[in-house]
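The structure that follows is given in the form of structure tokens.
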Amino acid sequence: MTDSNDDKTLSVTGKKTLTLKPSGMSQGTVRQDMGRGRTKAVVVETRKRRPMRPEDEKPITPATPAAPVRAAEPAPAPAQARPQQSTPAPRIHQPGGQANQRPQQSYQPPRANDRPRPVVLNHLSPEEMDARRRALAESQARDAQDAIRRAEEEKRRAAEEAVRKAAEAEEAARRAVEEAARQAEAAAAAAAEPAVTAPAPAPVTAEARPNTSPRPAAPAPAARRPDADGAAARPAPGAPAAVRGRRNDGDDDDRGASRGGPARGRVVRPEPAKPVTTRPKTDEERRRGKLTITTADVDGEDAGRSRSLSAMRRRQEKFRRSQVQETREKISREVVLPETITIQELSQRMSERAVDVIKYLMKEGQMMKPGDVIDADLAELIAGEFGHTVKRVSESDVELGIFNIADVEGDRVSRPPVVTIMGHVDHGKTSLLDAIRHANVVAGEAGGITQHIGAYQVEQNGQKITFIDTPGHAAFTAMRARGAQATDIAILVVAADDSVMPQTIESINHAKAAGVPIIVAINKIDKHEADPQKVRNQLLQHEVFVESMGGETLDVEVSAKTGKNLDKLLEAVLLQAEILDLKANPNRTAEGTVIEAQLDRGRGAVATVLVQNGTLKPGQIIVAGDVWGRVRALVNDKGEHMKEAPPAMPVEVLGLSGTPQAGDKFAVVESESRAREISEYRQRLARDKAAARQSGQRGSLEQMMTQMQSTGIKEFPLVIKGDVQGSIEAIAGALEKLGTDEVRARIVHLGAGGITESDISLAEASNAAIIGFNVRANAQARQFAERQGIEIRYYNIIYDLVDDVKAAMSGLLSPERRETFIGNAEILEVFNITKVGKVAGCRVVEGKVERGAGVRLIRNDVVVHEGKLKTLKRFKDEVSEVPMGQECGMAFENYEDMRVGDVIECFRVEHITRTL
């Protein structure tokens, strides 16, 4: 209790919490007790509520939070709290100049979950009175600022209203002009679009506020000042929370008017519905519809961002089509289908949705994804179902138009004949060609045998003849076949002293398969043992009928050594060419056949080609097999550079990207892109074939290991490098024939060109031997091979190469085990001797018995033991052998189960080395 009525100092006798009594209109900053002697400053605010109707307007005292608590000095004992007494609330001056005295807040019982209210004393201290005075002064200052702000807002709204009316008039004039221009569409649009009617009367809520001056519904003003919006939306720093926390009534009315609906708190009668033509918003309206921080606080959820003009037009067009049941016309397209295509790409080519294609496949019972690959048949079925036509193409179509171009008969002129010289090895083919060319090619060939296809051109009586020399060795079968395919006439060379041989018969078959006429040249008639008539008789057995025997095949007896009758042979060739009437068109793109190909270290890839049609010139782009290139140079058989190569001329072509296969066709194309496309297609085919071949041979690892263990096949890996493609092909074919059921040659890599470091690395990884045929390893490769311990073998003759590989493969064969029967002995008695064990007393009944030989113990015709003899004695002496009819004693190594009546068979084992 207090000491006097004038003294405001509080004093208590016991421990009691000191608080201030909350007032209905207290505003300002007070101190609130936080417990344990802590306090904090709290701003006390007052909120206003809008009355439902003017007649129900009553002053309502908002529930104010508990007043801040001042903690008193702790007393020894707590004191009983006094009953709460109300104090008169301070007067707050409103902007209108009238004081509004709010009634005191009635006491409400505390709820169960509320904290107990602190006890408020009857008197305030001077500090608390000063705080209340300051809060009252600040409230009055904020009220004055609010009054000034509301006056400015009224002026702003008046200016906006004027601008809005001007924009409305301008918009009405513009709509009238647009309506006149769209009279044809206005009727359909007015009938299709739903009429926009006025909203129903809105119920008056407690938030609604009477408006004495309602405004007519109108669109939003065309322009609004951003500074005015910000001033209206942002409260002043000292403004009361009641002003900051609620929207301005004038803004609510403006927003209601801008949306075309009734203002808040007004009851509007429904107007009759009338059609309204949807117009696109102006740029200013569209800009005003954007979401900003200012409009988000003022407009809230009422301000939605507008759509673009194009989206609105599409929406109207879609709605109009749906109203008049307009359907789009189906566009049928020609779909180009390759051999395989993905569903996504197919849908794009049909201009259909991939989802529709997937749905169709699901109806057909196939679950697929857009990225799945389908074949051309299924793609054609899908395209037909969707109403499109199909044009099927193949990857091989890239080769169309480069070969077999039809020529006009008037453009064809006579060309030289292409003659292939064929026959058995060492029958004098190359020597005959040397005699015709007046050159010595045989001296340049290793071993005196031809191992390449040589192409030359000679002239006889002003007419040119192209000769192709083929090897006669059995390994070069493919070369002879290629020579027969690229030729017009075949000269079959048969030695008069050696008659018809296997390769002679093979050459006859190649010529007949190619459909070319044969001229028989019986060579070596200068020898004493020559018998030309014997050769003619043997040729009859192979259906080669010469003229002297009543047939149509020309035959000439020649001698390559003396040059006898060579002119008659050339005349026979020209006569046969005249009968064939060989012609070609030189004024077209060139095409022909690759005779041979090699990788030259100085010149790169070099291909010997035979031009069969057209004229080949430097600078042209050619495709040969799976390689292509631009012709850098043309070199003839004499080493001269040519400006062009007419039909039937053999030339060397420089400039290819790689070495083509011998026998590949070549053709000139118009561009590098076309050449690259054809080359990539052929390379892809080659890879697919190789992969299919390897997968068919290899199988799974488990199957391969099982096969290797069951069959015992051993492999001899090889890396083969040769000078030309044809020689490599011949070597591979010869080595493949060496294989048996137990051992075979596995060619890890083969190619044309010198031996490089990469070949050494490959041989090291695969544990293979390296074979070089007419090539050598460079210095780096030799050093690398020496460091890695890789053996490189060089060969110039295919005979030696095949023989060495055959011998090496024979070493992989397991030796043959051969048993030789020596004799039999019958056990008569079994003795048990100390320190020796059981000894069988036997009689040799057949052959003889040798010490150290293998023995078998046979009981009832069943072998029960196989081993070696430990001792062989006759009487007490060790003997090396016992002949038939004599008795002896025998003991086995590590075996003593011998019985009377058993038979001992003695044999000798020999291991014999096998060869292929």
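For all residues, glycine too, the Cβ spot is worked out from N, Cα and C.
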Quick one: sort out which of 327-334, 423-430, 527-534, 695-702 is the region 'G1' according to Swiss-Prot.
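Per Swiss-Prot, the stretch marked region 'G1' is 423-430.
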So which range, 523-526, 587-590, 835-838, gets flagged region 'G4' in Swiss-Prot?
523-526
If we skip the immediate neighbours and take only residues 6+ beyond the ends of the region 'G4' (523-526), which ones have a Cβ under 8 Å from one of its Cβ atoms?
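For the region 'G4' (523-526), the list is 427-428, 431-432, 493-498, 532, 557-562, 564.
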How many helix, strand and coil residues does the compositional bias 'Basic and acidic residues' (125-182) contain under DSSP?
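Once the DSSP states are binned, the compositional bias 'Basic and acidic residues' (125-182) shows 56 helix, 0 strand, 2 coil.
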